[in-house]
Amino acid sequence: MALNCGHSTIKYLLFIFNLLCSLCGIALIVIGAVSLVKLEELREISDEYNIVAPSILLIVFGSIVFVISFFGCCGAIRESYCMTSTYSFFLILLVIAQIVIAVLVFVFVGDVTTALKKGFERVFENRDNPVNTDLINSIQQNLECCGKRSFLDYGVNFPQSCCSTGGNAPLCVPFASGCLSRISEFLDSAGNIVAWVSLGVAAIELVGLISACCLANAIRNQQRRSGY
């Protein structure tokens, strides 16, 4: 079934677009996986919020985007009205879901940050517990911070995890930042990345959705004229 020049152009643009969407899906998976690893330790200091949920959702949506993009490529090349319409339907759901995720991240990142800071303070006050000590050391090494507000919270005996020069260095120079401020900075940064990437991919998918609807309509009209 031959489409006119304009619709043929849309078909091939949609094919290229879906290849780009596949890459976006892979990017979502990578960003979700990296943020999941980074947030895993912070989850242990507070059970008030499931802070890894957005990362898990990014991985899930990235996988779905990749699969649906492949479906869209097949629909465009085969000029299948059914496949293109199905692709458009699932793309609408994805766009809505990603916008919802971004909004939730923007709305709750402040509350999550407050809860985690309170959790860290509680863990720090009970740092004599070996489990808490290991958790604090891990957070201090990964976020490059020391103490709640500064290394002075330890007095003169701060742990090796506070050393910016490394634990085996002859002279220990403690990290200048306290962990409360670093937790806040890290969550703000991670939240912005997750939210804006979700919105960016949703915007790209919206362009693909409009193209897919135009192509599906052109295929349907061509089928009617051809007597299918």
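Glycine residues also receive a Cβ, built from the backbone N, Cα and C atoms like all the rest.
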Candidate cysteine (C82, C172, C179, C213) that TrEMBL pairs with C145 in a disulfide: C179
Same chain, 6+ residues apart, C-beta under 8 Å of the C-beta of C145 (disulfide bond), given in sequence order: I139, F175, S177, G178, C179, S181, R182, I183
Cβ packing number for C179 (disulfide bond), 10 Å threshold: 28
